[in-house]
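Here's what TrEMBL has on this protein:
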DOMAIN    3-184  domain 'Guanylate kinase-like'
BINDING   GLY10, PRO11, SER12, GLY13, SER14, GLY15, LYS16, SER17  ATP binding site
Amino acid sequence: MKGKILLVSGPSGSGKSTLIKRLITEFGEQIYFSISSTTREMRAGEADGVNYHFISESEFRAGIERGEFLEWALVHGKYYGTSLKAATSELERGKIVIFDIDVQGYEIVRGKVPKNELTSVFITTPSLSELRDRLRARGDNDPADIALRLQNAQEEMERLGEYDYFIINDRLEAAYENLRSIYKTIKLETASRDIGKLIEIWKI
Ligand code: ADP
Ligand code: 5GP
């Protein structure tokens, strides 16, 4: 593979999409955001084929049967999965492929992808109450759903140590600078793979 995977996890509402969007805005063509499939409801402001492929449970199950997912998991009672085909072809083209997936998905990907092809980042808020405020501010207004996401967040936090990096998304600007540095490091690692070509050029 010529490209690399930047895998981002963290509680729902911690700011993953916001930070990833900024990275895509800045580095555009060098990045491919892996659009997951999900059976959850579309939120206001989301679009099919942009944030997710919103599909039915029977379509999702058929995708599992056909082996279309690199990984899939049940998160907050809904199915989420990463398409194998799209991610593989973009990695072959040399792109940095971003996965926004949960801790279960990370565990599966880690078991399938060589260590040097994968960089993982866990993004979180400074506290649980800040996470609650951000979920509400985003317009998530089903109290049961918020409660489920907060409970899941506490469980996910226990897995923090399994990631290469973690970012506390307190001030957005500072959090973005950290994600940007991680991205730049991955780019430098991929650039160093052209060593053979460089040596050839230097030959008389
Ligand atoms: P996730 O993708 O992790 O579920 P979002 O990116 O949707 O999270 O962010 C959740 C909410 O928090 C959004 O309304 C977003 O605008 C807001 N948000 C993100 N980062 C910050 C920050 N540093 N400070 C305040 N609000 C933020
Ligand atoms: P949300 O519903 O807030 O968009 O996402 C809920 C959770 O599902 C987040 O933790 C997010 O990272 C995770 N998620 C999104 N896509 C995938 C995926 O393809 N696979 C897995 N395992 N988790 C995903």
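Just so it is clear, glycine is given a Cβ too, placed from its N, Cα and C backbone atoms.
Sorting the binding-site residues SER12, SER14, SER17 by the number of other Cβ atoms within 10 Å puts SER14 first. For the recorded ATP site, residues GLY10, PRO11, SER12, GLY13, SER14, GLY15, LYS16, SER17 set the reference point as the centre of their Cβ atoms, and the other residues of that chain within 8 Å of it by Cβ are ILE123, THR124, THR125, LEU131, ARG134, ASN169.
Checked against ligand 2, the binding-site residues GLY10, SER12, GLY13, SER14, GLY15, SER17 give SER12 as the ones with a Cβ under 6 Å from it, listed in sequence order. The binding-site residues near ligand 1, defined by a Cβ under 6 Å from one of its atoms, are SER12, GLY13, chosen from PRO11, SER12, GLY13. Within the same chain, residues at least 6 positions away in sequence whose Cβ sits under 8 Å from that of GLY10 (ATP binding site) are LYS16, PHE122, ILE123, THR124, GLU156.
Same-chain residues at least 6 positions away in sequence with a Cβ under 8 Å from that of GLY15 (ATP binding site) are, in sequence order, ILE123, THR125, ARG134, ASN169, LEU172, ALA175.
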